[in-house]
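Enquirer: Starting off with a structure, shown below.
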Amino acid sequence: MAGGGLSAPAGSSGVEFEAKITPIVIISCIMAATGGLMFGYDVGVSGGVTSMDDFLIKFFPVVYKRKNEPGLNSNYCKYDNKGLQLFTSSLYLAGLTSTFFASYTTRKLGRRLTMLIAGVFFIVGVILNAAAQDLAMLIIGRILLGCGVGFANQAVPVFLSEIAPTRIRGGLNILFQLNITIGILFANLVNYGTAKIKGGYGWRISLGLAGIPALLLTVGALLVVDTPNSLIERGRLDEGKSVLRKIRGTDNIEPEFLELVEASRVAKEVKHPFRNLLKRRNRPQLIIAIALQVFQQFTGINAIMFYAPVLFDTLGFGSDASLYSSVITGAVNVLSTIVSIYSVDKLGRRMLLLEAGLQMFFSQVVIAILLGVKLGDHTESLSKGYAIIVVVMVCTFVSAFAWSWGPLGWLIPSETFPLETRSAGQSITVCVNLLFTFVIAQAFLSMLCHFKFGIFIFFSGWVFIMSCFVFFLLPETKNIPIEEMTERVWKQHWLWRRFMDYDDDIYNGVVKEGKSNGFDPTSQL
């Protein structure tokens, strides 16, 4: 049973609750996961739009003038501009702020209504961006999109984790990340097409087409049912029981229902969930969640994705280099995320993260060596043979990220927090993710200009650190019921068990017996 060491009425012995994979669960998860599609499209579309001359002339004329300045052909510094970086990163800053409000709505109004609010933010933001007449209108639209990202990233992973049966929870949760990768690929293809449109309105089409995933998320939020966890948490027990029976496809739901009711009782005793996060028993989940978000951004995925067009251009693709790089890396991204859906509940979270760590470390070191030795700052002398090796390494890195740190950075935090701190924990998760996404988005082009090929060595060092963290400190959570994480995961871990509140009858008995034998177990905590 999650939280405070209370014993659960059922399931804590390790019995998996009876559940069928019902159509309503699959449909609900697919509809909810469209929030990832919107996030992915926003991430993918900004890079292409900011490279369109018509867009730069209207909103960033200084950047356009500098971009076309004769003699500036540095492979590493030609896009280094703080204002342009701020346009991209403002979305993440708005998302970071809004996630605290989203935590409240997720807990008090439910996961479903929070997703609906995200959809409305997205739609209004898209309208303002597509119709933008000046920079202020454009930035306001980006801020509203960021609010949508904050609300969607808060509600969707929690919704997916709570509604999915335990044995396929990881796969269904990764639908969110799969939709992010599909959104990025779709945005890249749209940008390539709209960049060729004459008349100066191609960027408006790119930004306006974000309305498609925004509308899908809004409609999806209207159609799906809220999770039993959320309904029970808000006191709607009969409705929660009815929804639980419907999504599990069986009448034998009493054990799981009783566990959810007990989890809700514990949650209601917590008056200040954010303050409760800092309590000793909640530190393991908080440390893991924060570390995963920081590490996800420091894998170097932004460095790889940004530099791909230059690498493909050296292969002779010419003006179509950005299309080929976007399609190839985007397709690898999508396919590898599908691999994660099928493998995460079989191989486990730790196995995927550790294998990917080796793969990403190796590919980044190889890329750094080849670029450092063979590609200068002001030349494009990389031979075709070396370029092919680099492209293979790019795809190797992207595939490893897509089946590990990409989806699992969202999955693991959403399934490890107990109900009483789940909304607050997810809020911190989203906040830290968006904060470091903002930091990387704002600083990356400047880092690339100063570090040059050394930026890949920088990120490979982080990959080594995060792999060590996973090996020693991240417990396996596959096939563990979400409300049993405390008993079956955290209290079994060699380090994190020291942080748990051992106030249950079993532990008190152990302490009493230990003291009677001249040994106090609490002295080891």
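Just so it is clear, glycine is given a Cβ too, placed from its N, Cα and C backbone atoms.
According to TrEMBL, the record shows the following:
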TRANSMEM  21-41  transmembrane segment
DOMAIN    28-478  domain 'Major facilitator superfamily (MFS) profile'
TRANSMEM  83-101  transmembrane segment
TRANSMEM  113-132  transmembrane segment
TRANSMEM  138-160  transmembrane segment
TRANSMEM  172-193  transmembrane segment
TRANSMEM  205-225  transmembrane segment
TRANSMEM  286-310  transmembrane segment
TRANSMEM  322-344  transmembrane segment
TRANSMEM  351-373  transmembrane segment
TRANSMEM  385-406  transmembrane segment
TRANSMEM  427-447  transmembrane segment
TRANSMEM  453-474  transmembrane segment
Enquirer: Using Cβ atoms and a strict cutoff of less than 8 Å, what residues sit near the transmembrane segment (205-225) while being 6 or more residues removed from its termini?
Expert: 24, 27-28, 31-32, 34-35, 37-38, 41-42, 45, 48-49, 52, 112-113, 115-116, 118-120, 122-123, 125-127, 129-130, 132, 141, 145, 148, 152, 159, 183, 187, 190-191, 194, 197, 243, 246-247
Enquirer: Under 8 Å between C-beta atoms and at least six residues away from its ends: which parts of the chain pack against the transmembrane segment (351-373)?
Expert: 299-300, 304, 340, 343-344, 382, 386, 389-390, 393-394, 396-397, 399-401, 403-405, 408, 452-454, 456-457, 459-460, 463-464, 466-467, 470-471, 474
Enquirer: Select the range from 83-101, 113-132, 286-310, 453-474 that forms the most Cβ-Cβ pairs under 8 Å with the transmembrane segment (21-41).
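Expert: Between the candidates 83-101, 113-132, 286-310, 453-474, the best contact partner of the transmembrane segment (21-41) is 113-132.
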Enquirer: Top stretch among 113-132, 138-160, 172-193, 453-474 for CB pairs under 8 A with the transmembrane segment (322-344)?
Expert: 172-193
Enquirer: Where does the mean pLDDT land for the domain 'Major facilitator superfamily (MFS) profile' (28-478)?
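Expert: Here the predicted model's pLDDT, averaged over the domain 'Major facilitator superfamily (MFS) profile' (28-478), is 86.
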Enquirer: Return yes if the transmembrane segment (385-406) and the transmembrane segment (286-310) have at least 3 CB pairs under 8 Å (sequence gap of 6 or more), otherwise no.
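Expert: Checked: the transmembrane segment (385-406) vs the transmembrane segment (286-310), in contact.
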Enquirer: Quick check for me: are there 3+ Cβ pairs below 8 Å between the transmembrane segment (453-474) and the transmembrane segment (138-160), leaving out pairs under 6 residues apart?
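Expert: Result for the transmembrane segment (453-474) with the transmembrane segment (138-160) is no.
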Enquirer: Between the stretches 138-160, 172-193, 286-310, 427-447, which one has more Cβ pairs under 8 Å with the transmembrane segment (83-101) than any other?
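Expert: Per the Cβ count, the answer is 138-160.
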